[in-house]
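Worksheet for the structure shown next.
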Amino acid sequence: MDWSEGDGSHSHGHMGDSCHGHGGGHSHGHGHSHGGSGFGGFMPAGFHGQLVPGPMDPTQQPRKSSHPEDSSSWDIIKATQFGALERCKELVEAGYDVRQPDKENVTLLHWAAINNRADIVKYYISKGAVIDQLGGDLNSTPLHWAIRQGHLSMVIQLMRYGADPSLADGEGYRGLHLAVLFQNMPIAAYLMAKGQEVDLPDLNGQTPLMLAAQKIIGPEPTNFLIKCNASVNAVDKVNRNSPLHCAVLAGNVDSVHILLEAGASVDMQNDNGHTAIDLAQQVHSPLLIHMLSVVKTERIKANSACLKLLNRYKVCLQSVFSVVVVGAFGAILDMRTESWLLKGILLACIMAVINLASRQLATVAVRSLIPSTGLIASVFWMVVTWVLWFLPDEPSAAVQMLFTVNITAVLYYYIRSCRTDPGHVKATEEEKKKNIVVLAEAGCLDPRIFCTSCMMRKPMRANHCFSCNACVAKQDHHSIWINGCIGARNHPFFVLFLVALNFLCIWMFYGSITYWSRHCPLHYSEEGIWGALTALMGCSPWLLYVFCFVFFHTTWASILLVLQLYQIAFLGLTTSERANLMHRQRKLPQAVSLRQNPFNHGVVKNLVNFFQWRFCGLCKPMVLDWTQQHPMGLGRDMFSSPDAV
């Protein structure tokens, strides 16, 4: 969800079926609303007036309207709506009571709040306006109106004057519930940071998460609330429905998926004894029935001792499994038999075992390990091949020493890349709340510097990784080869791992060519490429098999190494920063060189800073903790992408 203010009104409101029959329309019942539509805009029913053009930034005061009429003839309501402060002062000084409601039971403070007139609100408060005055058909406070309209700056101002967001309107909704229903997530975050509980029930006993799951079709704001630690198994007061019950009744597939991922119980029963699956059958939704049944079956399996053991030791077991599978394929190909039918049957059996294991045992977490454990298996069989095939033909101690150093470097830098914290940005709940309040009140609650997934302030050059579900300082990319992120703290180790891996592959090419030249005489000029491949296959199928996956690893590792060194040395950028800049360049009328960025200090200095080279004091690298480097304001971090939920 984009946290930038837009023009569109949200028609979700409070319409639609409710878990407990609470579902009235959302209208104030008054006839005029002026000012910007706001973030998640709200337009009262029966609107007939003209909207004053509003700002795109919800933290700024609206522009004054260039109305053709002379404001000296306006009544105080119209002057308030259009921001004519001097006319308002004139009428108040003439004796108008700022606490007096109009014929629709709406006070001047309501009109100032819904139109985001900060200076007029300040003036009315100084003249004795009641901050939490209830008014309108929905019996709402000015704060409720500002929340519905999406005016974050007005919400902040009213709360500074003592407005109480925990008060309920005529429909029973408190401030946080309204922010969620109108999908004003910055306001919801601010209210929670100021002390509103994420599971605060409305007067009908429903939490914000229940309302989101029931009334707003789509992943948000359900996902947002779960990230704020909303309870997925809370129940309402009327029917004891959980958020999952509400989502199923509303047919909200996205919310159901998110709630299940968050661990919502599929066995919880409401007052009528119905589970979520029972309700899915009642609403005749085959998709929801399938989703809920699959999750229920998976959770039953997850309680088995076998799967618990697999999840506990998944890295080791998956590595062993990959080593066995890669070795089994090669061993079958290397069998001394002329029967390709037998080899085909054995290979088919191996594929069947893999398929069975993936269906019965492999979870999403286990499947994500396949590339990294496949790489580990490949390196293992490279070493075995060197020892059993190449070592007897290579008596040179220097070559053996260099190979040993190389394989040690590969293992060392690979482990360091995997085990070193890439720079995960961490913050306590109190720090998160403090940052939200500070950024909101400074007008900087913006996705470029505030992560809407982690709910915390992002350091400069940090990005949110959706695979790791964390913000990573100076993130380069998420690598499938280490099953983790490459960031500020493990990036040098990863680059050195690529260097060592490329040298290992070169040694394997050297050993393969040397072995073939001695044991497999080839006549390429006479037999052609297919004849040569046939000869190699007949000479040593295993070696040709190993050569193929060595070639594969050489291809991606060499390309990735060249790109990494180019970005580090010549640009001073990470992969994600380069991608963001290239995307923005396409929108610019004139091309701008990627080298023109504040992090590019020249080739030598870039390399010194990246690898932290000192050379006995000859070099002085820049030492920075990128998890603590914060931009000073909007626009300072030109390389960050908005990680909006």
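Every residue gets a Cβ built from N, Cα and C, even glycine.
Here the structure is a predicted model, which means the values were calculated and not measured.
The topological domain 'Cytoplasmic' annotation in Swiss-Prot covers 1-314, 358-369, 416-492, 564-645 and is backed by a curator's inference. Taken from Swiss-Prot, the feature compositional bias 'Gly residues' applies to 34-43. If you look up Swiss-Prot, you'll see 104-133 marked as repeat 'ANK 1', on the strength of sequence analysis. The annotation repeat 'ANK 2' is assigned in Swiss-Prot to 138-167. Summarising the annotation, Swiss-Prot assigns repeat 'ANK 3' to 171-200 and lists sequence analysis as the type of evidence. Sequence annotations record features per position, and here Swiss-Prot assigns repeat 'ANK 4' to 204-234. Summarising the annotation, Swiss-Prot assigns repeat 'ANK 5' to 239-268. Taken from Swiss-Prot, the feature transmembrane segment covers 315-335, 337-357, 370-390, 395-415, 493-513, 543-563, and the record attributes it to sequence analysis. Per Swiss-Prot, the feature domain 'DHHC' maps to 449-499.
Residue counts for the topological domain 'Cytoplasmic' (416-492) by DSSP state, with H, G and I taken as helix and E and B as strand, are 19 helix, 17 strand, 41 coil. Outside the transmembrane segment (395-415), and at least 6 residues removed from its termini, the chain residues within Cβ reach (under 8 Å) are 379, 383, 386, 482, 493-494, 496-497, 500-501, 503-504, 507. Listed by sequence, the residues of this chain that lie at least six past the ends of the transmembrane segment (337-357) yet keep a Cβ under 8 A from its Cβ atoms are 321, 325, 328-329. According to DSSP, the topological domain 'Cytoplasmic' (564-645) comprises 28 helix, 0 strand, 54 coil. Taking Cβ pairs closer than 8 Å, the topological domain 'Cytoplasmic' (358-369) reaches residues 306-307, 310-311, 314-315, 318, 467, 480, 483 in its own chain, all 6 or more past its ends.
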